[in-house]
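TrEMBL annotations:
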- A:7-283: domain 'Phosphofructokinase' (DOMAIN)
- A:15, A:76, A:77, A:106, A:107, A:108, A:109: ATP binding site (BINDING)
- A:25, A:26, A:27, A:28, A:29, A:159, A:190, A:191, A:192, A:218, A:219, A:220: ADP binding site (BINDING)
- A:107: Mg(2+) binding site (BINDING)
- A:130, A:131, A:132, A:167, A:174, A:175, A:176, A:227, A:252, A:258, A:259, A:260, A:261: substrate binding site (BINDING)
- A:132: active site, proton acceptor (ACT_SITE)
């Protein structure tokens, strides 16, 4: 290891996700392990601009591995989108003696890091933290596994009441651009139909599927819908449409909302966060930068940030088929 | 015990709630313990009208004490509101040899039972099952304790993201006529303000309270709102109002919805259900009827169904004060 | 309110329990509400002897209502059992300007407080915090409801494997002197038999009961055993005894252990803690001391500490009967 | 697809694990999807010998995807180890018209299937179901992910009490031959040291590590120990040893036990079970047999049963290093 770097800054940015704290802990302790200083930057890029810094030693991240959210807070910073904002941020880093950055977040976070790097040559490494799992170059983003379990737990609860009343439920889950959550949680929740942005099922096929489900002897049904699905109606309009066309159903809507972002991270997310944090810091110490650390084939790997931003995290088409079969 | 009764019917009606299955189990096994036959009536009063009956022995309720929902299903029956419907139901009971009923549900369920009793002199006992805790004569209804824990768990998750982003969240919980869930879950969730039907806080006081909270150094806030609060705006209108009047806040809305009705019942709800089921059956065997079994001063007690329907389950005003103090 | 008191100290002592943090938060904020200073005393009486104090304002208890354990730490202090130790403690309190104490814990904690008061006339109020629910004068101690849910959740998991393999499980739960946890969690977990200190079932009756259970068609069984039950064999000896006498059973043992003390407190425990904290502080401000705040008939009440120590928290004998009936 | 097979049998054998029901559901529904009959075989190979069969249609697996354990029950069969036992089993299959088998379980289950196939040429496919993750040819076995979350949840609870009392806890988790659970749950639970069968840390290194941990300012510690670790002392002897050698620690032991096998399966385990069930059945319909379906590089793959039995599922050595670093 080169270890020419003496001080690393770490921040979280964009929507928070479970596992961010575990990643912060890993970054801080990996720095301590290698006798590097570590500085926590509060409220993402905005805190970088405002100089909202705090030295972090291994004991300052005690008892956070199991906490949702981010102790470094997160914020969106419009100021960082301007050259003036980035200049201020850079000056603060220099003043503080910070020589490299680990940024934890999603697409927007990485875009900011890359712009910053292109202007100032500042070494950055990205850790993918978002429940949506919509980042290219990693099979899993931090928080995704936890969110899946949260959503499935909610669907299980809704099924209790759905099957007690022979009702049809539309459950809207997060995922504006990606159907990962809807597809996996839908299969795991035993959903009869799953609507995702990647596929336009079409209203006719949905009605048909619901009718078939009723005919097959199912007394209750759950349809899981990603926020960003392409069926052309929001979840409440969809309810009205089905109410009008399938009067035998008693449709209810549940929008799971922000609770999907919270909660204590799953074992998987904590272990992943620990691995990615170690790799991000050690890559910087090895002289590597401008990459995202991620998981591929169960192994920690590196993807250029530019690719992580441009690429698309495809859903697994096999799962669409599995879903069709097991809802028989 | 008189034990002149040879066969008891049991049904669940109205909105389902966690603990209903535990109550069914208790009713069925108490019948078996006293060598009485027990018949499960499916889909509440509608199943009574349609003769949707099934003999139940102690083994037919194995492994249901921990399940949410109701294995007997629930339904609302408009037909049972007509004399003709009730006549059909009565004829079915007689044909089946059922001599007394245990009905598990809320206000509506008890009203139906009382009307039926007044027409046919049929012995009925009620068990209060609803998450809303809005039944007079019992400090706890089945499912209320479970729902509180579900709601608090959701608020905890939302707080993770609220405090990561310094946001204000409006969390709408169930309770059209009663603020029990909002008040208790609000205190337990650390809510800065709680809006309930029993109290009209007023928009000005709400704004004031939020400003005070910010001034006191709190960076994020959660307001818990019962469905039926009296502030005159629904939760989305309320968000718009606060957005307009307190631009320093970034308000988000979360409507928890039907998941509040589901889930594995808490220890408290399972024990309560077990106690109430025993008491309901043994009361009938003792020649007592037209009462609701409930909990008062931690003791199982009886309240005339007529009173249970008319009375109102008041919130504990002490809690309003506690809430004010601990949000300091 | 007299409010002659200017500064209150708060500590936790003995075994920790979920809800202690919520009680600390309530004490601290009630002090702030009444413009009284509050001092956190670390590690119970030992910290009092060592002067391990910290001023606490309303923001120093942010985000702890949902945390298990105690941020003030707990410890057993043998030094506090000596007059010299108590003298040191008293001197520290005086030096710090502390004029009254709120102590959160169980029997031992209250005994210490009472001795201290008898020697120095120092005003103390007790809040019952222990999962065992073995304190006279309150129907619920802090942490008891949470522990019940933890135990029931474990029993549910064990039942999955018990019923998959047609096995008999002995599950040992906490409760050296009191069977509250075993009795309630046993009923809620569907245990076939429950062994508690308050009753000596006898080995013959246990074997008989297990045989009857098998004969009734149950393929798996769970026996819940309080640590302090009186059957005269520990749980592993009991397994050997049953293995020898009922070879048709395949007995497994599970000792739940310390996890029963941890976890995020239930809604009930958080609300109770909030209520008790308010009452403890306001009692002191009203000139009342040497009492324990507790819950009776769902109302906050006061019990002299001397009585709380001497009395015994009886189990509800009705539950023994309920348990017999519903395991039919 | 050849689809020459008309009827498939499915069984679970060995220790149960969460996700087995989801796999059964998937097998049954994939059969229905392809218009193949499906027969559930109860109690594993023993039920095959006794002819304990039941026809299963798509509705007979409703509402089981979220249930722990196995509705088909499991058992170990010594009779199946004899040629006579296997002959009886074969005759029953032929009589029932079953032409292929899907067996869900671990090493022992697959060995039985392979022996059976070698004698009768009966087509079999295996699905790996065990929480231990000790099967070669798949990165994940059914139940492993769920068990990890259960163990981490327990460690989190234990940490509450450990850190309240500044104690050292030894937590024993399942894993007789494999340290997967201990290693991953240990990292996720923030364990200071992890003892696994694959590595002999040595008693001296353990003491050293605990002393270093205390010196670094950690006030409480958790050591996670796999059942089958090689340190040469069981967990209680280890406690005595550390008590004797590190008197500054107050060591407690918690053996998590059988609850690790139960509980509602995680999203991951449900989705994996669904995928593997589809693949197992469709492989048989394609004329493929004697393979185990598993997961590799996030893709469903096939491993010859003979290899699955012989191979060893290695732990990820990278994790040992990560664990060392993040406990800094």
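Quick reminder: no glycine exception, Cβ is built from N, Cα and C everywhere.
Annotations in TrEMBL come from automatic prediction, not curation.
It should be emphasised that the depicted structure is a prediction, and the values quoted were computed from it without experimental measurement.
Pairwise Cα distances among A:130, A:131, A:132, A:167, A:174, A:175, A:176, A:227, A:252, A:258, A:259, A:260, A:261, the recorded substrate-binding residues, top out at 33 Å. Mapped onto three states, the DSSP output places residue A:252 (substrate binding site) in strand. Taking the C-alpha atom of residue A:106 (ATP binding site) as reference, the shortest distance to any of the binding-site residues A:130, A:132, A:190, A:259, A:261 belongs to A:130. Listed binding-site residues A:76, A:252, A:261 compared with chain B at a CB cut-off under 8 A give A:252, A:261 as the close ones. Note on proximity: of the binding-site residues A:29, A:76, A:190, the one nearest residue A:176 (substrate binding site) is A:76, by Cα distance.
Annotation for the binding-site residues A:132, A:192: lowest Cβ count within 10 Å of the residue's own Cβ, A:192. Across the residues annotated as binding ATP (A:15, A:76, A:77, A:106, A:107, A:108, A:109), the widest Cα-Cα separation comes to 14 Å. Model confidence over the domain 'Phosphofructokinase' (A:7-283) stands at 95, taken as the mean pLDDT rounded to a whole number. Within the set of binding-site residues A:15, A:174, A:252, A:259, A:261, the entry lying nearest in space to residue A:192 (ADP binding site) is A:252 (CA atoms). Within 8 Å of the centroid defined by the CB atoms of A:15, A:76, A:77, A:106, A:107, A:108, A:109, the record's ATP site, lie the Cβ atoms of A:13, A:14, A:44, A:105, A:111, A:112, excluding the listed residues themselves. Using a Cβ-Cβ cut-off of under 8 Å to chain D, the binding-site residues A:25, A:108, A:132, A:252 reduce to A:25.
Residue A:132 (substrate binding site) carries neither a helix nor a strand DSSP state and counts as coil. For residue A:27 (ADP binding site) paired with residue A:109 (ATP binding site), the C-alpha to C-alpha distance reads 17 Å. On a Cα basis, residue A:252 (substrate binding site) lies 17 Å away from residue A:190 (ADP binding site). Max Cα-Cα distance over the annotated ADP binders (A:25, A:26, A:27, A:28, A:29, A:159, A:190, A:191, A:192, A:218, A:219, A:220) is 53 Å. Between the alpha carbons (Cα) of residue A:107 (ATP binding site) and residue A:29 (ADP binding site) lies a span of roughly 26 Å. Nearest Cα neighbour of residue A:29 (ADP binding site) among the listed binding-site residues (A:108, A:130, A:252): A:130. With respect to Cβ neighbours within 10 Å, the binding-site residues A:29, A:176, A:261 differ, and A:176 shows the lowest count. In this structure the C-alpha atoms belonging to residue A:261 (substrate binding site) and residue A:15 (ATP binding site) are separated by 8 Å. Taking all protein chains in view, 25 other C-beta atoms sit within 10 angstroms of the C-beta of residue A:259 (substrate binding site). Ranking the binding-site residues A:77, A:109, A:132, A:252, A:259 by the distance of their Cα atoms from the Cα of residue A:25 (ADP binding site) places A:109 first.
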